[in-house]
């Protein structure tokens with residue numbers, strides 16, 4: 001279990017012995033009546049406020065990469081059900097932050113997503129770090145990240161000493177298949193502003209220029225598990241399942 005410690009101006013006395021005071025964040029226990037917790041106020045100016053996370057055992061992370069429409073989200077859902085991982089989609093977290101009331105980064109994220117560009121790494125890493133900390137879990141699928149060299153460098157600066165990256169699960173899919181899937185998804189009411197042909201062209205260009213070199217980097221390091229993502233979802237998952245089982249999960 002990870003614990004988050006925030007700097008606070010003072011601790012409230014709660015009748016515990018010296019060295020036994022416990023701090024918690026009010027948003028974590030808004031209605032708790034437990035007397036063993038001291039309540040403090042935690043005012044976060046914005047999502048980029050540093051968080052310190054500690055654990056006796058580092059959480060294990062599998063990066064999930066592939067082009068738009070390769071089926072990453074579908075397969076991650078199956079992995080969650082089968083192997084009890086927690087799925088964190090960098091794209092979903094960014095879209096949630098984009099629409100969150102009062103977010104100072106919403107319009108910036110919207111501009112990047114609409115234009116098929118990659119959101120600044122500081123924002124993405126902070127959203128991922130917060131989500132991991134809040135989950136209280138130890139096995140994570142991080143979907144759609146790192147997508148370029150800046151993402152990788154930012155992750156290494158902020159997270160490399162806090163987690164153990166197991167491998168990169170790469171869904172390799174034909175470009176035509178990916179485009180068709182995304183368009184069908186958009187027509188079906190996905191609610192995603194980038195599930196249209198114009199945005200897809202930009203996203204695919206960004207993926208080829210920026211993400212493929214990252215996949216090659218991990219591949220050269222022997223950390224890539226490549227999956228043919230062109231067949232139907234059940235057939236793809238049979239290969240995914242074998243991959244996780246042979247990796248000790």
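Backbone N, Cα and C atoms are what each Cβ position is placed from, and that goes for glycine too.
Check TrEMBL against the ranges 89-119, 213-243 and you find region 'NMPbind' recorded for 89-119. Distance from the CA of residue 72 (ATP binding site) to the CA of residue 146 (ribonucleoside 5'-phosphate binding site) is 14 Å.
Other C-beta atoms found within 10 angstroms of the C-beta of residue 70 (ATP binding site) number 26, with every protein chain shown included. Listed binding-site residues: 73, 144; maximum Cβ neighbour count within 10 Å falls on 144. Most Cβ neighbours within 10 Å, among the binding-site residues 74, 151: 151 holds that distinction in the structure as shown. Most other Cβ atoms within 10 A: among the binding-site residues 71, 231, that distinction falls to 71. Checking Cα-Cα distances from residue 72 (ATP binding site) against the binding-site residues (118, 144, 192) with a 10 Å cut-off leaves 144, in sequence order.
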